[in-house]
Amino acid sequence: MGCFFSRRRKPAQGGQLPLQQQAGAGQDAASGEQKAPQYSWDLRAKIDPKDYTFSGLKNETVGRLPGKVAGQQFVIQDCENCQIYIFDHSATITIDDCVNCQIFLGPIKGSVFFRDCKDCKCVVACQQFRTRDCRKLEVFLCCATQPIIESSTGMKFGCFQYYYPELALQFKDAGLSIFNNTWSNIHDFTPVSGENNWGLLPETAAVQDYVPLPSSEELKAVRVSTDATKSIIPITRGRRQKNSDESCLAVFFAGDYTTANARKLIDEMTSKGFQLVQTKEVLMKAEDAHRVFQQSALEFIPLLEKGPVVALEFNGDGAVEQCRSTVNEVFSGTKVFVSESKASASQDVDNFYNFADMQMGM
């Protein structure tokens, strides 16, 4: 049988009453009048849904500054010819019945769901991306899981590229890794035989040509940059055609400088003309290491207990030799797995990303 607690409280040790029962056990000490007890939930700030909704707007520029959404849910609906900027992290966002809007959505811990929208251009970072009954959406996307479109046509996707000073911390607050981005791995839930409902934006596509920097004085304060070299998310080729049949896998292990080291190697390799195909941050176990690192596994297994690994795939003729040389020169005191030869590298890449996709349920 369950146990029910009485709402009457016993005095605390030493004869002290709980806070709301002091001063005459619920009475005002000065007047002697009875006061209603105060509980912690009464003191919480009240949430006004209007602060987390944009609805029925036309020809407006609106937004929320960093710190103003702070992980709440947000709703955008029935907007037309608007520029909308959510410069904060949120729980989930739904966008319904919007037409010809330009939208930036900061990191979303859960899902973003576009429904019945058309002719919109967006920059989005999220855990899950879904569309239904949409037409002509162009999206620069960072998505931790496989993006899904349903009953949607004319969809175009590119890799998220964006920067403002608070964005990196917002990714952490939303529980998103900057290295987990499956922007080009789209699943069409309702394919039509002989037609393709989605494609990729041109490699030369620039974010500011699709979603311009905010023009209002309030939102200008956010100090946005769409320069690809400053992007919080590493810009990857994804499923675009590779330029070379040679790829190289590099894996950094958890530590104080893992992210910085991975970014440094990306900068070094891309500055020399090699292309970053894909990145991943994932936990590994000893048995995974044997499958991925083969003969080198025993060297790296002790490092797996410290946290997730960050893996990078570079592509281009001479990628293996250049990556090994760069790691030896720049990261000489850091243990990094790098493919040993062109012959083994493609298998390294397949082994790691097949494992990572299974780990992440993709």
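Even glycines carry a Cβ here, placed using N, Cα and C.
Residues or ranges marked as compositional bias 'Basic residues' by TrEMBL: 1-11. Annotation source TrEMBL lists region 'Disordered' at 1-37. The annotation N-myristoyl glycine is assigned in TrEMBL to Gly2. Under the heading S-palmitoyl cysteine, TrEMBL lists Cys3. Under the heading compositional bias 'Low complexity', TrEMBL lists 12-34. Annotated domain 'C-CAP/cofactor C-like' per TrEMBL: 37-191, in sequence order. Per TrEMBL, the feature GTP binding site maps to Gly110, Ser111, Gln127, Gln128, Phe129, Arg130.
Counting every protein chain shown, 27 other Cβ atoms lie within 10 Å of the Cβ of Phe129 (GTP binding site).
Neighbour list (Arg130 (GTP binding site), Cβ cut-off 8 Å, at least 6 residues apart, same chain): Ser111, Val112, Phe113, Phe114, Pro147, Ile148, Ile149, Glu150. Within the set Gly110, Ser111, Gln127, Gln128, Phe129, Arg130 that the record links to GTP, no two Cα atoms are more than 11 Å apart, and one pair reaches that distance.
Within 10 Å of the Cβ of Gly110 (GTP binding site) there are 15 other Cβ atoms, across all protein chains. Long-range Cβ contacts of Gln128 (GTP binding site) within its own chain (separation 6+, distance under 8 Å): Gly110, Ser111, Val112, Cys143, Ala144, Thr145, Ile148. Around the Cβ of Gln127 (GTP binding site), a 10 Å sphere holds 19 further Cβ atoms from the protein chains shown. Same-chain residues that are not part of Gly110, Ser111, Gln127, Gln128, Phe129, Arg130 yet have a Cβ within 8 Å of the Cβ center of the GTP site turn out to be Thr92, Ile108, Val112, Phe113, Cys126, Cys143, Thr145.
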